[in-house]
Structures are given as C-alpha cells and as structure tokens.
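The compositional bias 'Polar residues' annotation in TrEMBL covers 504-518. Residues or ranges marked as region 'Disordered' in TrEMBL: 1-23, 498-518. Per TrEMBL, the feature transmembrane segment maps to 60-84, 90-115, 136-158, 178-196, 203-228, 234-257, 278-297, 317-339, 360-381, 431-454, 460-482.
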C-alpha cells in the first residue's frame with residue numbers, strides 16, 4: 001500500500017485537468033485503506049520507481065559539476081608544483097613541502113569549517129528561508145577570514161617552524177618564501193568555500209565548474225608560464241599565480257551571486273545581521289573542521305611514517321604515488337557526497353524526511369556502482385599505473401603490488417564519501433568528528449603502524465591499516481544512518497534554521513487511523529491543515 005494513500009494531496013489547478021499541479025485551488029483527496037483500487041499496487045510500483053528515477057537525476061545533475069570542481073581545484077596546486085619542477089630539485093622540494101604544509105595547516109581547516117554551511121545553507125534553502133542563505137554566506141566569510149588570520153601568521157613563519165621540525169634548512173627556507181606568497185590565496189580560499197556552499201545549497205553547480213575551469217585554463221596556467229619562464233620571477237611566480245587565480249575565482253563567483261537572477265531571493269545585499277550569532281556558526285564549524293582534518297591528516301601522517309621505514313626512499317616514493325592516486329579517485333565520491341549533502345539538507349529543511357531517506361538510498365546505490373567501477377579500473381591498471389608517475393622500475397613495481405589494496409580502499413572510500421555527505425547534510429558534525437577520531441586514530445593508524453614496523457609489511461601495512469580505518473568509519477556511519485529517525489531530523493532542521501513547523505513526510509499511519517485527517521502536500525511535503 002502506498003503510504004501517500006492515507007493523505008490529502010493539494011493539487012493546484014488552472015482549469016487544466018491534464019496538469020493538475022499548476023492550479024490555484026487545493027483539491028482534497030481522502031483515501032483510506034479500504035478505498036484502494038485493485039490496480040493500486042502496480043501504480044504504487046511505478047510511483048516508487050518514478051520517485052527514485054527523479055532523485056537519481058537530481059543527484060547526477062549535482063554530482064557531475066561538483067566532481068569537476070573538485071578535480072579543477074585540486075589541479076590548481078598540482079599545476080603550480082609541476083611548473084616549479086622545471087626550475088630544479090631544490091625549488092621543487094621547497095614548493096612541494098610548502099604546498100603540503102599549507103594544505104595541512106590551513107586549507108583543510110577552511111574546507112572543514114566551510115562544510116558547516118552545507119548544513120545551514122542547505123537546510124535554510126529547503127525551508128524556503130531564503131534570506132538566511134545569504135546571511136549564512138556572509139557569516140561564513142567572516143568566520144573563515146578570522147580563522148585565516150592566525151593561519152597566515154603560521155605560514156609567514158613557516159621557515160622557522162619547518163627547521164624546528166627537523167627539515168633541511170635550505171629546503172625550509174625555500175618553503176617559507178613560497179608560503180608567504182601563498183598567503184593572499186589563503187584569504188581567497190576563505191571566500192571561495194562559503195561561496196561554493198551558498199551556490200551548492202541552491203543546486204547552482206554549473207557556474208562553479210565554469211568558474212573553476214576558466215580560472216585554471218585561462219588564468220592560472222598562462223600566468224604560471226608567464227611569471228616563471230618569461231618574467232623571470234622564479235618559483236615564487238607559481239605561488240603568486242595561485243593567489244591571483246584564486247581571487248579570479250572569487251571574483252567570478254561573487255559577480256554571479258550579485259547579478260544572477262537565480263540568486264535574487266537568497267542574496268539581498270550586505271546585512272548587519274551577518275555579524276550576529278557568529279559563535280553559533282563556530283559551534284558547528286569547529287566540529288566540522290575536526291571531522292575533515294582528522295581524516296585528511298591521518299593520510300598525510302603516512303608520508304612522515306614512511307620515511308622511518310628501512311628503505312625510506314623507495315617506501316616514501318611508492319606511498320606518495322599511492323596517496324596521489326587515492327586523492328584523485330576520492331574526487332568522485334567527494335562530489336557524490338556533496339550532492340548527497342545538498343539533497344539531504346534541502347529535504348530536511350523542507351521537512352521532507354522520507355525524501356531525505358530516499359536521497360540517502362539513491363546516493364548509496366550510486367556510490368556502490370562508482371566504487372566498484374573505480375576498484376575494477378585500479379586493479380586492471382596496476383601493472384602500468386605507477387609508470388605514469390615515475391621512471392624508476394623499482395618504485396613502479398612496488399606500486400603495482402600495493403594497487404589491489406588501494407583498489408579495495410577506493411571502493412570502500414566511495415561509500416564513506418557519501419555517508420560523510422549525509423553527516424554534513426544532517427548537521428551531525430560532532431558525531432562525525434568522534435567517528436573519524438576513533439576510526440583513523442584508534443583503528444587505522446595504530447593497525448597500520450603495527451603492521452608496517454612490527455610485522456614488516458612496510459607500505460602494505462599502512463594501507464591495510466587505513467583500509468581497516470575506513471571500514472570502521474563506514475560501519476559506524478552506516479549503523480547511525482540506518483537507525484536515524486528522519487522525522488526527528490526534520491524537526492531538528494526546523495529548530496536550527498526555521499521553516500515550516502507542521503510538516504511531516506509520508507509517515508506510515510495504522511490502517512485504522514482516521515483517514516479524514518486533512519494533510520496538504522507540496523511535492524513530498526505534508527502540511528497539516530488545522
């Protein structure tokens with residue numbers, strides 16, 4: 001029996017019975033369990049398939065551009081390091097170390113804090129509290145700019161910090177110089193993240209992929225070439241180009257927000273309200289940042305530990321190739337997770353718990369298919385993949401032996417990416433932070449270190465340990481998602497961002513319940529008419 005059958009469905013009609021949802025009148029259909037027609041089962045099946053097909057198309061529409069954005073933003077720093085690599089070993093080492101330190105100490109922090117806006121902007125938009133979407137954008141920029149100030153101080157003193165950590169003084173000096181020219185990029189990143197979440201919440205994703213593509217291809221690459229090889233700025237030119245390119249990205253996105261008719265309702269101009277309740281945003285942004293950073297840092301720690309193995313040159317080189325591969329492959333589930341977060345937050349904000357539940361089911365199916373495809377590809381490419389990164393036969397052969405483990409990890413990581421999107425969409429960042437802490441620092445890293453050093457599995461041990469950590473994370477998040485009371489989550493969203501307070505979604509009533517209860521439905525939302 002279709003759960004919709006016991007509810008009132010508002011049909012909006014302009015006198016056209018062919019398209020009843022476009023009218024100005026509310027037509028009440030009361031259907032009890034005993035009034036079902038004989039062929040309702042077939043129609044129910046078709047309705048369910050239609051709902052899942054619609055949800056699938058929405059998620060693919062969101063995920064495709066978001067995956068492109070992830071790849072393009074990841075490419076920005078990679079392209080800079082590639083250009084610097086032509087200037088010599090010292091310049092490459094300095095730029096690579098600075099980029100890695102910048103990602104760990106600042107960029108991952110801003111990305112994590114920005115994820116709080118996936119909850120707030122997404123649920124506000126779903127609740128049709130459009131003005132607050134723009135207010136949260138402004139609050140997000142303020143909070144991230146404030147966060148970037150101490151990070152900038154750390155980057156300014158990167159040379160001394162790296163020397164204190166035991167790095168080669170010459171490389172540390174180069175890294176510090178490179179990092180200082182990256183500081184403007186840090187503040188651009190503090191603006192990009194809220195802008196991306198603001199647009200993502202409204203499913204305005206194609207403008208982000210256009211902006212990222214334009215920035216990379218028409219500004220960053222030409223500017224790197226010009227400054228490094230034509231103007232003689234040297235390796236600092238790559239850092240300057242990165243900063244300029246990120247601000248170009250900010251300009252494109254901000255211009256779209258200001259002038260696009262699609263943002264007319266959500267962007268109503270600068271407001272003093274943006275300075276209110278900044279602490280409230282911090283309370284969600286901090287666990288959100290911890291959730292992201294715990295996961296990101298655990299993988300970066302592998303590089304440090306690999307340098308302590310018996311053959312550090314081979315182990316570190318192979319692990320770097322595998323880590324880069326894992327990061328590239330994760331761009332896809334991260335895009336799927338962004339789509340999941342948007343759909344879940346929108347539906348919870350609109351008080352559509354069943355639609356949110358359906359979004360999770362569809363996204364998990366997509367993740368399973370994507371993860372299987374990526375795992376198959378990596379396993380099939382294991383014999384030649386390493387040669388794309390190195391001409392050293394020993395390193396390439398080592399990578400080929402690790403690739404089967406990496407294939408399994410990427411498959412599970414696809415599920416993890418989507419489940420993390422559910423966490424962000426639902427506003428469970430504190431739970432996500434605790435989950436990531438226990439998964440990676442109680443299971444993943446300790447098991448990996450034990451296998452690598454005590455049982456001499458070396459890099460194999462690290463990756464087996466991280467696979468165990470991700471499996472633990474997926475298990476915990478899966479259990480939490482399966483046990484979620486989506487109706488309560490919808491009520492929590494209303495309390496968080498405001499919106500329709502008398503909505504419930506397709507709740508299953510007992511067959512003997514009062515079938516004359518009047519409920520009005522707009523798409524998947526049910527509003528009690530008192």
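Any Cβ shown, glycine's included, is placed from N, Cα and C.
Any TrEMBL annotation is an automated prediction that lacks curation.
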Segment proximity, the transmembrane segment (317-339) to the transmembrane segment (178-196), 3 or more C-beta pairs under 8 Å: no
Top partner of the transmembrane segment (90-115) among 136-158, 278-297, 360-381 - counted as Cβ pairs under 8 Å: 278-297
Remote residues contacting the transmembrane segment (234-257) - C-beta distance under 8 A, at least 6 residues beyond either end: 76-77, 80-81, 83-84, 87, 91, 94-95, 98, 137, 174, 177-185, 188-189, 191-192, 195-196, 198-199, 204, 207-208, 210-212, 214-216, 219-220, 223-224, 226-228, 263, 267
Criterion met for the transmembrane segment (278-297) and the transmembrane segment (360-381) (at least three Cβ pairs under 8 Å): no
Tertiary contacts of the transmembrane segment (317-339) (same chain, 6+ residues out, Cβ under 8 Å): 58-60, 62-64, 66-71, 74, 118, 200, 299, 302-303, 306, 363, 366-367, 370-371, 374, 378, 385-386, 389-390, 392, 395, 398-399, 402-403, 406, 409-410, 413-421, 424, 459, 462-463
Contact set, same chain, for the transmembrane segment (460-482): CB under 8 Å, 6 or more residues outside the stretch: 298-299, 302, 305-306, 319, 322, 360, 401-402, 405-406, 408-409, 412-413, 415-416, 419-420, 422-423, 428, 431-432, 435-436, 438-440, 443-453
